[in-house]
Amino acid sequence: MFEKPVVKTFQYGNHTVTLETGVIARQATAAVMVTMDDTAVFVSVVGKKEAVAGQDFFPLTVNYQERTYAAGKIPGGFFKREGRPSEGETLTARLIDRPIRPLFPDAFKNEVQVIATVVSVNPDVQPDIPTMIGTSAALAISGIPFNGPIGAARVGHIDGQLVLNPSQTELNASRLDLVVAGTESAVLMVESEADNLTEEEMLAAVVFGHDQQQVVINAINEFKAEVATPAWDWVAPEENTALKTKIAELAEAKLVEAYQITEKMARYDRIHEIAAEVNEALLAQDPEADTKEIHTIFHDLEKTVVRRSIIAGNPRIDGREKDMVRALDVRTGVLPRTHGSALFTRGETQALVTATLGTQRDAQIIDELTGERKDHFLLHYNFPPYCVGETGFVGSPKRREIGHGKLAKRGIAAVMPSVDEFPYTVRVVSEITESNGSSSMASVCGTSLALMDAGVPIKASVAGIAMGLVKEGDDFVVLSDILGDEDHLGDMDFKVAGTSTGVTALQMDIKIEGITKEIMQIALNQAQGARKHILSVMDEALAGARDDISEFAPRIHTMKISAEKIKDVIGKGGAVIRALTEETGTTIEIEDDGTIKIAATEGAAAKEAIRRIEEITAEVEVGRIYTGKVARLADFGAFVTVLPGKDGLVHISQIAEKRVEKVSDYLTEGQEVQVKVLEIDRQGRVRLSMKEAVEKPAEEAAAEAPAAKEE
């Protein structure tokens, strides 16, 4: 029934990788099953042969989905099936999309969809690298115009050594988690989180990963040759040189002037005016002219004008030199009732960032294929439409917002205290209130400030900077602190976050081939200077964490009890702990080893909760006097509660010095009495005495008198 499948197996570091096609999903344009040491991902690619008429963008969609059966699990929840993509799935989809998107021809507008499904998972092999390899292989054998293949590698830094594709266990001990993807000749994408590594160490890791992934590229080329799918007969549409010349005559000089307007919204208004004038003039000449084609050529002209000016060494769009950072304004404690807040403004980019402290119960529970884990540091990034002066839909976070939030979190993670050092769950929210480039790096700066304002003892201040590149032939200019237009019209988006001593996160997206090690080195060095400048301004506003947390934040008090006593504090069906939390207004968390964490905004409430827990867990001591309450009477004596849940018997002979005929003549239920513990027998029964308790104070006074004299 099946033709013989094509299988390619190769060694990639410590892992064996297998590519297979020809058995599954034969109606797709291309489909590949990639296996890497028991982690298997099925990748399909479907491309439409025809583009939608008049479409002026490339509709590439990447869907990444993890099936729970891959780990031998059934989904939790009511519906028992996978739902919308998780944050992790969204981030992996972006990781796949970023290096492949620049490799399709500029004029190619046919719809392409990549669907990657994780069907088997080895807990020690993360699915993202095999997924990227499988996507590259599927596109390579699809016949779709694609200037690949690409390779992908994860790089760790363990004991001073770079490690290729470290296992999950190794990654836990690594100072670096870096993913790099690229073609045979160029790096296209880097995503990383680091523990204060130097610029030289980061660059070495990028180069190492790119060198190692050549094995993958060679294997995919051999796989492609064996499959031998005919290439599509797609030809790029001819350039309308006549229209291009007309638009240049009408708009070029005006655009040069417009791009000297330094204020973003005023510049945009002028560019829109010029575009409208061009449209009007061309439609007057030819009412049948294609307005979408006019728009595309006009946009290309904008790009040419800006790039030519930068390469010529002229001041940038907003008047800065290539290595200048925009004006900074840093404010902390801007919101009165939040636990920590900061307003970070860099030029026309602004982030209002808040930090909120919660208990460990507030931690995010993340159910992954490899198991459940808790995240005690959350960072959420919001990009509302008003921040760029637009109207738009406001709803659940988009892929871009999730990706930018994750990048900012990576930048801060290395300086966060451990849960043992700071037993709080911390949630940071970055509201982008103005945007003109590098809002994710503004979020890093604002997060660092908001955390310190909240009293979180971070190890060092962190700042972030976005670098850009314009390259024409052998000429290139590296730009510091890029604007939105420079990002859009340039060749590289290179974001670096770090402290004064090292890099904590690096993200790089390159739109062209030919980015050399030299260019990356210049960008990293230029970024270091900019980062240190920003840190110096931040330190003037707030140089370290505040001495105390906000008065509105919960204070966590820790105590330890015997593990055997946990059941007493919880009570039957949770009755005791529920009563404790409701009556004291605290949040109480109990760990299996007997550690109890009590969170309260008021100290008195925490003290009361501690006192009551101590009462519940206290042991009755022989010889000690207690103030107890009569629980019930019997003919032979009275049962007295000396501690919560702990009763003892006062025998009728121990009630008073004289003979007692009837217990009720001396005691009533609910009466408070002083009792001394005489004995606890093998069965745990407590024998009490009232008459011994009466004699004790006189004995104590006699014993303490000499001690007072000695003082």
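Glycine is treated like the rest: Cβ placed from N, Cα and C.
Keep in mind it's a predicted model, so treat the numbers as computed, not measured.
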(message) Of the residue ranges 208-228, 292-312, 691-711, which one carries the region 'Disordered' annotation in Swiss-Prot?
(response) 691-711
(request) Name the secondary structure element type, per DSSP in three states, that contains Asp487 (Mg(2+) binding site). (result) helix
(request) Among the binding-site residues listed here (Asp487, Asp493), identify the one with the smallest other-Cβ count within 10 Å. (result) Asp487
(request) For Asp493 (Mg(2+) binding site), name the DSSP secondary structure in the helix/strand/coil scheme. (result) strand
(message) Looking only at the domain 'KH' (554-613), how are its residues distributed among DSSP helix, strand and coil?
(response) 32 helix, 16 strand, 12 coil
(message) Return the average pLDDT for the domain 'KH' (554-613) as a whole number.
(response) 89
(request) Please list, for the domain 'S1 motif' (623-691), how many residues fall into helix, strand and coil according to DSSP. (result) 8 helix, 36 strand, 25 coil
